[in-house]
Amino acid sequence: MAATNIWAALPAKKRPLHQRARRPAGGRGREPEVPFTTDPSGNPAGRNCLEFLPPGGTSGCSATDGGATVPLALRPFLRERRPLGSQHPCPWHYLQVSDYDDSLAPTCFRAHLHRRGSSSTLNQASAMTDPNPRTAEASGLYTYSSRPRAVACQRRRHRDSILQPVEEPMSYGNIMYDRRVIRGNTYALPTGQVPGQPDPLELQRQQQARRRALARKRAQEQLKPRTPEPVEGRKHVDIQTELYLEEIADRIVEVDMECQTDAFLDRPPTPLFIPAKTGKDVATQILGGELFDFDLEVKPMLEVLVGKTIEQSLLEVMEEEELANLRARQYAYEEIRNVELAEVQRLEEQERRHREEKERRKKQQWEIVHKRNETLQKISALIFARQYLANLLPSVFDKLRNSGFFYDPIERDIEVGFLPWLMNEVEKSMEHSMVGRTVLDMLIRDVVERRINDYEHKEAMPPGQKTNVINGPNTVTDPSVTTLHTQKPVLDRVSSQPAPSQERKPVEEGGHLMAE
């Protein structure tokens with residue numbers, strides 16, 4: 001706060017740029033307005049600007065009604081004045097054209113350009129520009145409202161010639177030797193660079209930069225002192241030769257400083273805004289019965305109320321009658337609608353029956369046609385088969401008859417049922433006869449073998465013993481007894497033989513023996 005007050009005490013021209021630029025957008029400060037004297041001798045030192053009117057007043061201004069001698073209490077321009085484009089003494093007679101030009105174009109805005117505020121502002125502006133000093137004295141302190149405008153940029157967008165060196169060497173060159181200038185035919189110009197391919201100039205520039213970096217690195221390596229190469233079998237190793245701990249002998253000067261700032265004060269409450277009173281208060285007294293006579297004024301009101309009441313009653317009665325008529329019509333319509341719905345249902349049912357009958361008859365007719373087609377197909381197939389098989393059936397029947405497919409049932413029954421039984425019975429009887437024959441043959445064979453054995457034994461004995469043997473007491477001459485003794489082993493031997501056909505050979509052998 002102290003620094004701000006110091007800069008505020010200095011003239012506007014001697015303030016720094018950042019202090020001069022901190023102004024509100026309206027162009028006026030918030031400090032209290034203090035009337036300035038019109039005496040040029042009262043200006044502070046170093047202020048060479050046209051902030052005050054000349055002693056003789058202004059000459060020829062339509063906005064200020066000619067040469068006014070009234071001292072203005074506040075300067076219209078709060079920032080440092082620039083050289084005016086015109087020598088007109090009116091402070092409202094100049095307007096800045098642009099931020100890039102220091103000169104001001106001489107213009108003059110009429111009073112309606114400055115009257116953008118309320119009626120009080122207009123009165124104050126008229127009092128400020130009134131040439132009569134009594135009016136200004138009667139109004140006392142006045143306020144000034146300027147035309148809103150954008151804040152001027154204090155920083156220049158282009159450097160001044162002061163900041164540039166005075167003697168700057170000028171570089172000259174022939175533009176025809178510039179690589180960016182193309183010489184030759186316009187139709188033989190090189191085509192544009194294909195997207196995706198690097199620029200040859202850029203590649204050349206990168207290669208040159210890479211070569212320069214390699215050359216610089218090679219030169220640095222050559223200039224840098226090197227340690228001799230180690231002998232064979234050894235290698236260089238970095239070793240710490242400096243001290244690990246270093247004593248800090250420098251004493252740092254320490255100074256203690258302290259600063260106490262003022263405590264923050266609470267923001268005072270904002271005062272209420274009370275606008276200035278612009279109108280006049282006027283009072284009028286009206287006594288009772290002067291403006292309103294009840295007996296006279298109540299008649300139209302009663303007429304309106306009674307008329308509206310009767311009209312509303314009539315409307316309600318008409319509405320009730322209309323509702324009754326609507327209900328009667330609705331009932332009649334409901335009856336007609338029910339009758340029509342019943343008729344519609346009857347017609348729908350009739351249509352449904354007709355449709356079902358139609359579908360049934362169509363199905364029946366389709367079945368008849370289908371059966372007729374099947375019958376025709378069968379008849380045609382039968383006729384075709386008869387015609388085709390007329391010459392084929394006799395030969396087929398003959399072959400089947402010859403093959404045994406067509407036979408006499410009685411003959412087949414005899415062949416299948418009777419003949420096999422007869423053959424079995426014959427075979428059984430033959431088997432029994434064969435068994436009897438076999439038994440008989442075996443008995444005869446046994447007897448013959450015994451006799452042969454006896455005969456051979458007799459021939460081998462001396463002559464005196466032959467009679468004893470033949471006529472001895474133990475000699476059995478009855479053949480039946482011999483047969484009874486030998487019947488059992490013969491029967492056992494016959495039962496062990498399987499078939500009579502196999503016994504033919506022994507029978508034949510027995511026959512031969514018997515023949516012998």
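Note that Cβ sites are derived from N, Cα and C of the backbone, with glycine treated the same way.
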Of the residue ranges 1-45, 316-360, the one that Swiss-Prot records as region 'Disordered': 1-45
Local Cβ density at Thr270 (phosphothreonine) - other Cβ atoms counted within 10 Å: 6
For Thr270 (phosphothreonine): DSSP state (helix, strand, coil): coil
